């Protein structure tokens with residue numbers, strides 16, 4: 001990371017607030033500084049980054065400017081009282097949506113790789129085989145249509161037109177809206193509308209709060225099984241989680257912030273934690289690292305190259321008395337022997353890979369399928385999944401502590417969660433207290449998941465391997481059943497974490513780097 005960081009960015013980032021403060025001293029200084037600022041930026045870029053073909057200079061400057069403007073908006077404009085709560089939420093949502101769309105843009109333009117040509121060649125062979133078989137059948141049958149059989153692969157426009165022409169039960173005038181209505185999960189809307197209503201009902205009395213918060217998980221599961229049970233992949237839990245996060249932040253801005261008990265730094269900390277949670281979640285959703293046929297082909301080519309190098313080294317050692325044939329003839333440690341064929345995908349998969357029945361594909365180093373992110377957790381996104389959990393839990397606990405300290409300033413933090421006198425005298429304070437309990441329940445469940453993930457990584461075992469070990473009775477339960485030690489891949493606490501932090505997606509493009517993920 002130290003090699004990829006551009007240390008010369010720091011002076012530019014420090015100079016920007018200083019120049020703006022100088023420009024604020026007088027309007028003539030403002031005109032002078034703002035006129036000269038683009039020239040100063042270009043001069044600094046050419047003086048420090050001109051030799052680099054790819055640089056983070058302008059991207060970092062743009063993101064820093066966006067963050068600094070939002071910080072000034074929260075700390076200077078908001079306390080004046082001229083901005084409504086809806087306007088604050090609109091500005092915050094616009095900033096978050098800008099960052100999210102930027103990350104989606106930075107996923108990549110679509111690089112051309114050798115695997116792309118190989119897959120295209122295989123598809124051409126399959127299509128030519130199908131066309132030949134169809135031509136033979138049409139020659140034998142008078143009703144055949146060889147011209148249609150030889151139609152090439154339909155383009156994107158043809159697929160889009162076919163998608164719009166699918167018979168729809170909706171009554172929209174335009175086909176695009178009808179197709180979108182058919183593909184959207186409309187059954188999510190009642191659940192999203194019911195969540196604020198149930199929380200407001202729970203805020204009427206503490207007995208109602210206990211009843212509603214106890215029954216809420218059961219209601220969520222019942223609604224899911226009643227509406228989404230037949231769908232193998234669903235956005236239900238992911239949408240519910242994101243909506244809960246947004247609703248809690250909305251109440252924090254509209255109810256807790258006007259009370260004056262939360263400082264500007266604390267507001268920025270909560271906002272930054274929420275944004276960082278969404279960003280890391282998007283990074284997690286890029287993919288778990290699916291196993292493809294090209295992965296096995298590239299692995300076979302590497303094995304051939306290594307075997308060729310070993311044979312050449314053996315010949316050189318035979319000609320040289322100082323050679324070490326025993327070392328040179330050692331093959332790659334059993335990697336080829338550990339590859340197995342998936343009975344469902346019918347493709348070769350590497351060690352520790354598993355087939356996810358929900359996604360319908362094999363995943364490299366499969367841990368589990370997480371319903372809350374609607375994706376598998378595998379070799380490519382396991383680290384970002386752990387980061388998302390950590391940031392979300394820390395942000396939730398910090399936000400809950402701020403809410404309780406504002407509602408019950410004379411109580412200890414843990415005491416205020418169970419006893420806060422006078423909190424039900426106002427509907428706004430009762431709603432915030434109920435939402436603090438709701439957030440505590442969610443944060444407690446995710447904290448348990450985070451602890452389980454950390455323990456599994458420490459023992460170098462995945463959740464799938466732990467379940468298989470318990471089923472086959474080949475593992476040992478440790479730490480009161482929180483982790484299952486299989487002993488197959490564990491190499492010690494330190495080495496296990498080093499392996500986890502340095503593992504990469506074997507199917508990733510070689511062009512990807514740290515600068516591509518910024």
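Think of each number as a place in line: the chain as shown, counted from 1.
Using the three backbone atoms N, Cα and C, a Cβ is placed for every residue, glycine included.
Predicted automatically and left uncurated, TrEMBL annotations should be read as such.
Residues or ranges marked as compositional bias 'Polar residues' by TrEMBL: 129-144 (among others).
Summarising the annotation, TrEMBL assigns compositional bias 'Polar residues' to 308-323 (among others).
Residues or ranges marked as domain 'Palmitoyltransferase DHHC' in TrEMBL: 341-466.
Positions annotated as region 'Disordered' by TrEMBL: 122-153 (among others).
The region 'Disordered' annotation in TrEMBL covers 301-332 (among others).
Look at TrEMBL and you will find 24-44 (among others) tagged as transmembrane segment.
Among the features that TrEMBL reports, transmembrane segment is placed at 56-73 (among others).
The transmembrane segment annotation in TrEMBL covers 203-223 (among others).
Beyond the ends of the transmembrane segment (235-252), by six or more residues, the same chain brings 89, 185, 188, 191-192, 195-196, 220, 224, 227-228, 270-271, 274, 277-278, 371-374, 392, 399, 402-403, 431-432, 435, 438-439, 442 to within a C-beta distance below 8 angstroms of the stretch. If you look up TrEMBL, you'll see 235-252 (among others) marked as transmembrane segment.
Residues annotated as transmembrane segment in TrEMBL: 264-282 (among others). Beyond its flanks by at least six residues, the transmembrane segment (264-282) meets 71, 74-75, 79, 92, 95-96, 99-100, 103-104, 242, 245, 249, 252, 257, 373, 384, 387-388, 391-392, 394-395, 398-399, 402 of its own chain at Cβ-Cβ distances under 8 Å.
Same-chain residues lying 6 or more positions outside the transmembrane segment (385-407) and placing a CB less than 8 Å from one of its CB atoms are 245, 248, 252, 256, 259, 261-262, 266, 269-270, 273-274, 276-277, 280-281, 284, 370, 373, 377, 413, 416-417, 420, 423, 429, 432-433, 435-436, 439-440, 442-443, 446-447, 449-450, 453-454, 457. TrEMBL lists 385-407 (among others) with the feature transmembrane segment.
Under the heading transmembrane segment, TrEMBL lists 427-451 (among others). Within its own chain, the transmembrane segment (427-451) is flanked in space by residues 199-200, 202-204, 209, 213, 216, 244, 247-248, 251, 255-256, 386, 389-390, 392-393, 396-397, 399-400, 403-404, 407, 417, 420, 482, which lie at least six positions past its ends and keep a Cβ under 8 Å from the stretch.
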Taking residues 6+ outside the transmembrane segment (203-223), which of them lie with a CB under 8 Å of any CB in it? 190-191, 240, 424, 427, 430-431, 433-434, 437-438, 441
Which numbers of helix, strand and coil residues does DSSP report for the domain 'Palmitoyltransferase DHHC' (341-466)? 68 helix, 15 strand, 43 coil
Please work out the mean pLDDT for the residues of the domain 'Palmitoyltransferase DHHC' (341-466). 91
